[in-house]
């Protein structure tokens, strides 16, 4: 599958004309949101997808800024031929309220004082971020989104969208996140905040325009956070216990290990692009996030109407699989249409930003709903039920296949025989095909989604499914190899 970048892009600014009322009861004036768009909005305005960024992300999700050395943060899935195909969809991403990459936040000018807000900026929530995004979507003339998609804190925003504005999207893809922040997640954020607040140059948030800023505290906060984005396995693979630019231990407090050097690099790079006060405000918004009502998640989600996709990462210990499954259970309890997938990766939490093939496959299947008809093989060798086992072996050998659908004279599916069945027939001294074939065979329809049949094949440990019509007549087959090839094409 041929893929391209969206190319050169520019960040735009949307100004909210009226006051923005916040969850705290306070209001903000002159709010601006930085945003980028990719692709074209169709005439009916039905092809828009909102992408929500994670904690330290921004509006630059794809493409290249002028003189940039790297593309947007989700380049792997946004662009022509990718899951968020900009030849098909109009993709929108905005910097969150409280951010520092063009949207109004604590580093912005307070219209009442003509100075930076600093700690006069009100506490914000994920709900406030989404409320501001809604105004942007309305400004773009979009009444209903095709989908809202987000990972990590972006997944929280996507979830909040489904609760706050249930009629404004068809689909929601919720990735590597939770429906309510856990004590451990809150604890990590608090340690990060304290590292900033304890920096002597934080100066109670009043460091704008000064020569010294809380760079050290913000760098440590980033180092702490970055550890949670990785997995133990990924750190072993990337660093092991290798030393950094030395052959032996130094026996002092300089950097010995590569992993130490890496974390320092992450911290030093981060302070060049992020505001310390924004980090305080955004992590507090994450801590406050809880969609349950009186402890009940189903009660908090009872009004959602979107079709859901939940994607977890098997090595994610920041937002572990169990939290995604809690969300899945709550939605299933409500009878909401929902699918669940786990990305297999050593990368940890950051896998949703890095696993090109798996993320494109899962998102593409959900957003575009690829169906069996797109992949199935129609030129399929079959065998008559009255044939012998030797006949089956010859057909398999001649056609280099391991599965043979068994059909009658009208091509009606009667069963399936596999190479494994033929092996068993030798041990049991069977002669007739009917004695070894599977009669109660699982099958699918050409209109079934690839996502659905992938789950079925995994659940029942099946590598091949016959495809039948409404009369149970054979139309073709689909195999796990074909699905794997689709994944590898991204």
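Count begins at 1; order follows the chain as displayed.
Every residue gets a Cβ built from N, Cα and C, even glycine.
Cβ neighbour count for residue 152 (active site, nucleophile): 26 (other Cβ atoms within 10 Å of its Cβ, all protein chains included). The annotation active site, nucleophile is assigned in Swiss-Prot to 152 on the grounds of sequence analysis.
In the three-state DSSP assignment, the secondary structure recorded for residue 316 (active site) is coil. As annotated by Swiss-Prot, active site applies to 316 (among others).
The active site annotation in Swiss-Prot covers 349 (among others), and the record cites sequence analysis as its basis. Taking Cβ-Cβ distances under 8 Å and a sequence gap of 6 or more within the same chain, the neighbours of residue 349 (active site) are 152, 176, 228, 229, 230, 231, 313, 316, 317, 318, 319. Following the DSSP three-state reduction, the secondary structure of residue 349 (active site) is helix.
Residues annotated as substrate binding site in Swiss-Prot, with sequence analysis given as evidence: 222, 350. The local packing around residue 222 (substrate binding site), expressed as other Cβ atoms within 10 Å of its Cβ over all shown chains, amounts to 23.
Annotated domain 'AB hydrolase-1' per Swiss-Prot: 47-355, in sequence order, evidence recorded as sequence analysis.
Annotated domain 'CBS 1' per Swiss-Prot: 376-436, in sequence order. With DSSP states grouped into helix (H, G, I), strand (E, B) and coil, the domain 'CBS 1' (376-436) comes out at 24 helix, 17 strand, 20 coil.
Marked as domain 'CBS 2' by Swiss-Prot: 437-490.
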### Summary
Least crowded of the recorded positions 316, 350, counting other Cβ atoms within 10 Å of each Cβ, is 350
## Note on the structure
On the domain 'AB hydrolase-1' (47-355), the mean of the pLDDT values is 97
